[in-house]
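Structure record follows, encoded as structure tokens.
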């Protein structure tokens, strides 16, 4: 079993590495490059059973060094998914400070040709310190990734009405898996079971292969987060930045009179043209229909209706769904069919949003209407 997994995991990592670098869909280019480097580290770590047979000290060091790169690389991938226009700056090398420290220490030992068996207690202590630093690094970066993704999931509601394909939930799930692997690895060191328990390694390998296939599936499925022009991206960035400022300190984008005028136009558009039926409706699309800027529309929705764009659009979709559910001529439609009919592209989101706004699930609402 272990021999089979020892071959499958590195092979799967190489396959994923190739997929990420080729990037058939040509989306999230920078993010996929960072993710490819993260997978390269996974490949090195999961090839240790093969690489150790080479009995080469340099190979051992490469495996150890990859441990220090894996967390920062994943963090930089997450950052690039969320902010694809962010340019590399020299200060970002600080993310690899711990890796460079370990490389410097390794070179110091190799060049001075210090005997590795002269004082095993000192070497054991140094090894323990670096292992602790790896554990702290992994937990810290996973926490930073989690916070960044949570903030992103809140931000996309300002300009998107369908967040399921751009909320990066899969990356958040990976952070939980990585934390679990780090804790499991740490427990193996503390209780000294990693060298003698075959079930320990088998379990680790199964989790790793699950992780590789999970990343493969969702990296192929992941759409561009911001499929807009440079001008629109810049405006969305300003909207997101503005949303982080407390209301009392926020800048007034338009005068009250203009706000009321846009509100009237917006309400008429939503009632007559029903743009919310478009499952890909975005703030930019809706602003274009009104011949105003995305910033002006966002400000109007936030301050005129006390909602974000996601809430505003989905409220109209639920109202339309209620009309469809009460219409006997639409009984041939399933709940999934109704969800798609009114602009949702996920049954789960439809059910959750419907219950949140009405206090009932769509099926409960339909049953109540049929009993009247």
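Glycine is no exception: its Cβ is also placed from the backbone N, Cα and C atoms.
Nobody curates TrEMBL annotations by hand; they come from automatic prediction.
In TrEMBL this protein carries:
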type: TRANSMEM; residues: 6-22; note: transmembrane segment
type: TRANSMEM; residues: 34-52; note: transmembrane segment
type: TRANSMEM; residues: 58-81; note: transmembrane segment
type: TRANSMEM; residues: 93-112; note: transmembrane segment
type: TRANSMEM; residues: 124-146; note: transmembrane segment
type: TRANSMEM; residues: 174-192; note: transmembrane segment
type: TRANSMEM; residues: 198-220; note: transmembrane segment
type: DOMAIN; residues: 262-368; note: domain 'HTH araC/xylS-type'
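Most Cβ pairs under 8 Å with the transmembrane segment (93-112) belong to 58-81, among the candidate stretches 6-22, 58-81, 124-146, 198-220.
In the domain 'HTH araC/xylS-type' (262-368), helix, strand and coil residues by DSSP number 80 helix, 1 strand, 26 coil. Non-local neighbours of the transmembrane segment (6-22) in the same chain are 32-33, 35-36, 39-40, 42-43, 46-47, 49-50, 205, 208-209, 212-213, 215-216, 219-220; each lies 6+ residues outside the stretch with a CB under 8 Å from one of its CB atoms. The domain 'HTH araC/xylS-type' (262-368) scores a mean pLDDT of 93 in the predicted structure.
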